[in-house]
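To start, I am sharing the structure in question, which I have written as structure tokens.
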């Protein structure tokens, strides 16, 4: 018997009681030599349950084998491709087209820098989910007050709607290119993507990830084929990638747009949640392996996205600087958008080039719809502990994006819809710090990450990257607002009023960022983050309690159709 002279004895005794209860209730022998606890979810009204996050008997479930092998990488493949969609959505395409048309290959180095920064930041988001068992939105709910948490949730929801607007307009443009459907009708037809999403959910998360990967490679194949038509100068492309240059304020503005469009706020919430769909060994070695393989998987997916962005800029630069281009097409290059790009490619490279662009744009818009819906689900569940049926969630987000897109498409036509994409990208840049700062603080906190906390070098690099992104976005917003006031035709009194209102809003915005940066973390994590050697040994050999009570059933049910289980029948 135990005399309970130490907390360790008490925890170990509690572990034995839970083990015996599990063997009696489930009638399944419990392996005593495993030492590798898994995520456990609660079912029904039970306070504690030993039902695994993903039942290994189901073929749709993703279980990482408890072994040291590079073959485990295949079990981790998937989340990176869903995340990479945000880097090749219609908003990115429009910015890429404009930078290539106006500055040829000079801004390619921005894509390289932004892709490297994105890999570091996305890896941190994945590590947060793997190590702590909670995604970014859940950490925010545990860390901040109700008011702060509600404000962060509203900002995240606005970001998701702003991300959905380019997807709606991009899909509408693609339907116009491929089937001559009017843009405003195409905007309405994008609502049907909800039905496609519902159909996909019935086949499980693995098949969904395969579909997204297929769409990513479809986009890549289309633009790599476009390269064959356009034939850009390889030496100039390489020079643009590795020789930084900015000529004029216009190039600076486009560079800021490229950088801001590469890191999306909703992507940080999405990646930290997607990694929880895997059942991984909960040992120190298993967690380190998961973090390493997720980084490799993200690097591969983001490399494909990087090559796609380089291809778009290269094609645009080669076409708009072609000696065979006529005067009308030269005018289109001055203000190139997604719709004009189709006619430009058709005139310069031929009909099939325009069709390839339409197929790539359609694949981009539809795949972005899926990832945006999941990001919205995770944000709502994490901040508010509220979950909606996926089709309801998708319809709400899509309607909020369709209404402004439809109004602009009817009134302003294709040109107005193209400008709305730029406005949506600016909103995303504006909201990025409210997801990025919490991520940087949480992953740099030893109380949350334990032995897996960011190193001093990584913390310094990520804070520099984050600070640069925030400073660039703030500068871009302030500069644009000042230009708007100076060049507008409104009365002086109205300019003064708008100036006071605008700069007051900017002060509140900066105060909010300062609050997130300067506030100290208060909330700790579960036993996963304990750093003492004795605690680590207890975690690996005697683990129970808070690790087994992590409720990750909600994450899986957002991706997999709900099925009956023995636990549901009790």
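Note that Cβ sites are derived from N, Cα and C of the backbone, with glycine treated the same way.
Where the annotation comes from TrEMBL, it is an automatic prediction and has not been curated.
Pulled from TrEMBL, these are the listed features:
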TRANSMEM  73-88  transmembrane segment
TRANSMEM  108-130  transmembrane segment
TRANSMEM  150-175  transmembrane segment
TRANSMEM  181-198  transmembrane segment
TRANSMEM  210-230  transmembrane segment
TRANSMEM  250-270  transmembrane segment
TRANSMEM  291-313  transmembrane segment
TRANSMEM  356-375  transmembrane segment
TRANSMEM  395-414  transmembrane segment
TRANSMEM  420-440  transmembrane segment
TRANSMEM  452-476  transmembrane segment
TRANSMEM  496-518  transmembrane segment
Out of 108-130, 250-270, 291-313, 356-375, 452-476, which stretch has the largest tally of CB pairs under 8 angstroms to the transmembrane segment (150-175)?
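Per the Cβ under 8 Å count, 356-375.
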Decide whether the stretches the transmembrane segment (452-476) and the transmembrane segment (250-270) have at least 3 CB pairs under 8 angstroms, with pairs required to be 6 or more apart in sequence.
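In contact, yes.
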Which range out of 73-88, 250-270, 291-313 gives the transmembrane segment (108-130) the most CB pairs under 8 Å?
291-313
Using Cβ atoms only, state whether the transmembrane segment (73-88) and the transmembrane segment (420-440) have three or more pairs under 8 Å that are 6 or more apart in sequence.
no
Counting only CB pairs under 8 A, let me know which of 250-270, 291-313, 420-440 has the most with the transmembrane segment (210-230).
291-313
Residues sitting near the transmembrane segment (250-270): Cβ under 8 Å, six or more positions beyond its termini, same chain?
82-83, 86-87, 91-92, 95-96, 98-99, 102-103, 106-107, 110-111, 113-115, 117-118, 121-122, 125, 135-137, 155-156, 159-160, 163, 371-372, 374-376, 378-379, 382, 422, 425-426, 428-429, 431-432, 434-436, 439, 469, 472-473, 475-476
